[in-house]
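What Swiss-Prot records for this protein:
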type	residues	note
REGION	1-21	region 'Disordered'
DOMAIN	26-384	domain 'FMN hydroxy acid dehydrogenase'
BINDING	52, 158, 193, 279, 282	glyoxylate binding site
BINDING	105-107, 134, 156-158, 184, 255, 277, 310-314, 333-334	FMN binding site
ACT_SITE	279	active site, proton acceptor
């Protein structure tokens, strides 16, 4: 039977704005999962670049758990529900998007493709989703704004020891069309990333941190650990969130929340959104997976601000589970890098198309037709049925 969950104009069963599958057939058509794209990216990328993108901290226990925890969560199939039309459209900060799958900030994307962040932002625009640009980008904010006609998405920010640097970045991003700030709060120091240490990681010749060129801060020759230690302020507190809100009108999402108490503090100090994230398993090893802590943070947030899960998403069923546990959306990082490495812009679109199609199928098989109808009743809980 032909799969009805392909995102194309010929399918009346699916409402979607994505038309990527109308493009001519190419080698990307042979990839049917994110894991296959991962293997291809591993084959194509130089070892130092691949290790930077793929590795976690210490023994990489949290890195593995981010993915493995999803497999322990079971979904409940439903029958005889009209699922002839499944719609993944949603809204965040007043913007209508085609999918709850957002693109996480990821540094130095021109190690993955020649155009790097330009490929990614153009794919996000075509798919009608949101990309967050990393502060450690190898493409300038101005170039990305131009490529999207002044609507490049969200901007990820570290607070630097020199607050003037952070303030200038905020003003610069706001002036050219970025619609939200993503404040990363889980990196007072860089996690112990063994692979980067062994590789003496630094940017390849010809690449630089473009965002900082005007500030004469783009040189990474001393290595990432030294750069972070020199630039990022480990004395950051919740009062700095208040300061940040005082210098911008943009909504601010706090990224790196893994503790319910921190979620409450984020709300108290004015966060406009919360991203549950452990930095892709690259900071504190042996901390829980993000999907494990999401339900507890959702109980704190109670729908007051957008709640986003980051980490471990590799299948559309993972997206559905995150939404069922209370997330409004998810962010994907490494899958985007694997697509970017394999096929540039079209590779990123391939990843988005794969995951969104899988999400649509999972929604249909659990009897759901709209994102707003997803709740935790689709999560198998033996205790609910043990007395039946």
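Count begins at 1; order follows the chain as displayed.
Including glycine, each Cβ sits where the backbone N, Cα and C put it.
Cβ neighbour count for residue 193 (glyoxylate binding site) (all protein chains, 10 Å cutoff from its Cβ): 21. When Cβ neighbours within 10 Å are tallied across all protein chains shown, the highest count among the binding-site residues 105, 312 belongs to 312.
Among 52, 158, 193, 279, 282, the residues given in the record as binding glyoxylate, the maximal Cα to Cα distance rounds to 19 Å. Distance from the CA of residue 282 (glyoxylate binding site) to the CA of residue 333 (FMN binding site) is 12 Å.
The average pLDDT the prediction assigns to the domain 'FMN hydroxy acid dehydrogenase' (26-384) is 95. Cα proximity to residue 105 (FMN binding site) (within 10 Å) is found for none of the binding-site residues 52, 158, 193, 282.
With respect to their backbone Cα atoms, residue 312 (FMN binding site) and residue 158 (glyoxylate binding site) stand 23 Å from each other. Neighbour list (residue 279 (glyoxylate binding site), Cβ cut-off 8 Å, at least 6 residues apart, same chain): 184, 186, 187, 191, 256. Classification of residue 134 (FMN binding site) by DSSP places it in coil, neither helical nor stranded. Residue 52 (glyoxylate binding site) is 15 Å away from residue 134 (FMN binding site) when you measure Cα to Cα.
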